[in-house]
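Participant: Taken from Swiss-Prot, the feature substrate binding site applies to Asp21, Leu22, Asn23, Arg36, His59, Leu60, Gly61, Arg62, Arg113, Arg146. Residues or ranges marked as ATP binding site in Swiss-Prot: Lys197, Glu319, Gly345, Gly346, Asp347, Thr348.
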Amino acid sequence: MNLIKMSDIDLSGKRVLIREDLNVPIKDGMITSDQRLQAALPTIKSALDNGAAVIVLSHLGRPEEGKYEKKFSLEPVADYLRKNLEYPVRFVKDYLSGVDVKPGELVVCENVRFNPGEKANDEALAKKLANLCDVFVMDAFGTAHRAQASTYGVAQYAPVAVAGPLLIRELEALNQVLKAPKKPIVAIVGGAKVSSKLSLLKQLVGMVDVLIPGGGIANTFLKAQGFEIGISLYEPDLLDEARHILILAKEKGCQIPLPTDVVVGKTFSETCPAFNKSLSNVAEDDMILDIGPETIRDYVDLIHEANTIIWNGPVGVFEFPQFAYGTRAIAIAIAESDAFSIAGGGDTLAAVDLYDLNQQISYISTGGGAFLECLEGKTLPAVAILQERAKHVKTN
């Protein structure tokens, strides 16, 4: 990878602006999952250990741009970092006109999405952010697919722009899957909609040996094959696309196994009774909410044969315990496998957290959209600008 790394630069005494992805779930002012914070801490600590004056940027949630909303404030994140770092930590709301920060000190800036022009990559905003630093470090893989002021624009105008350790780790893990994967490769792609993962599914059939669809995606494939799926979630306008993917998979030698039995309910609720049914017995008023025990066994066997595993999305409504058996079994099978495994996407990470399997997956990606776009073979804008800056440095 043609990138300058943070570790290549002498940070001592320099103002170092780090873009992290600290977009964590917060309920009643409390952080409910610190996974992204734990992933970012080593980068921040390394910069501080090396004598830098550190400023951290991040977004949180989806506020109306340019408008302050307390529930989207990064103040709880600053409190968390204060408790988890042995360095002074300050939280600053107004930072665009400059930040007073000393070596060995961390300043956490308020949500970048409170700034008008962030999403549109406004040039004036990007230049103000760039003026805060001597070195810009892009470490937020989760937002690397967005060309925004705090991810792309600032990297254009900062005196030096480099890749952070977390970003490098993410790209290296994905390269292991994309460039030289050990076969057979099994991909599990779950979630509600085929439409949101259409490009990914088409890309994967030409790359993997087995593609296991789950959730609403599997329902669309089942309906496309003429199976009764009752009132289950599916996308009627994508049935032809699903058929095309099945034909494409056959041409490419990619197996797409579909459920032979399912777990159904009559309503989408936590208290809804669950019933195992063979696919041929699904009724008109049934809702498919998980895979059945026979399908679980088949999928687990396929996972155990893999040397590389890609996991994005649950195979059932795992938030409801009676419909969680499929996702749990898949997660445990991946964790128990000796294969190189990479997992990404919000729901996937929630499942990994729920079943306490963080240490047993080879690599857990902090990215959702960025993870998918990498798997689709797309170039991430925030990585592209770092590569461009690296080229420029090397020719001077």
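Yeah, the Cβs are placed from backbone N, Cα and C, and that goes for glycine too.
Just so it is clear, the model here is predicted, and its values are computed rather than measured.
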Participant: Let me know the largest Cα to Cα distance in Å among the substrate-binding residues Asp21, Leu22, Asn23, Arg36, His59, Leu60, Gly61, Arg62, Arg113, Arg146, as an integer.
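Facilitator: The widest Cα-Cα gap among those binding residues is 18 Å.
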Participant: Let me know the DSSP-derived helix, strand or coil state of Asp347 (ATP binding site), please.
Facilitator: helix
Participant: Sort the binding-site residues Asn23, His59, Arg113 by C-alpha distance from Asp347 (ATP binding site) and give me just the closest.
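Facilitator: So, spelling it out, the nearest of the binding-site residues is Asn23.
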Participant: Among the binding-site residues His59, Arg113, Lys197, which residue has the largest number of other Cβ atoms within 10 Å of its own Cβ?
Facilitator: His59
Participant: State, in Å as a whole number, the widest CA to CA span among the ATP-binding residues Lys197, Glu319, Gly345, Gly346, Asp347, Thr348 given in the record.
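Facilitator: Taking every pair of listed residues, the largest Cα separation comes to 21 Å.
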Participant: Report, as a single number, how many Cβ atoms besides its own are within 10 Å of the Cβ of Gly345 (ATP binding site).
Facilitator: 22
Participant: Quick one: of the binding-site residues Asn23, His59, Gly61, which has its CA closest to the CA of Thr348 (ATP binding site)?
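Facilitator: Sorting the binding-site residues by distance from Thr348 (ATP binding site), the top entry is Asn23.
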Participant: Just to be sure I understand: of Asp21, Asn23, His59, Gly61, Arg113, which binding-site residues have a C-alpha no more than 10 angstroms from the C-alpha of Gly345 (ATP binding site)?
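Facilitator: Candidates kept after distance check: none.
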Participant: 10 Å Cβ neighbour count around Asp21 (substrate binding site)?
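Facilitator: Asp21 (substrate binding site) is surrounded by 25 other Cβ atoms within 10 Å.
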Participant: Taking every protein chain in this structure into account, which of the binding-site residues Glu319, Asp347 has the most other Cβ atoms within 10 Å of its Cβ?
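Facilitator: When each Cβ's neighbours within 10 Å are tallied, Asp347 tops the list.
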Participant: Taking the Cβ of Asn23 (substrate binding site) as reference, which residues of that chain separated by at least 6 in sequence fall under 8 Å from it?
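Facilitator: Once residues fewer than 6 apart are set aside, Asn23 (substrate binding site) is near Arg36, Ser58, His59, Leu60, Gly61, Gly142.
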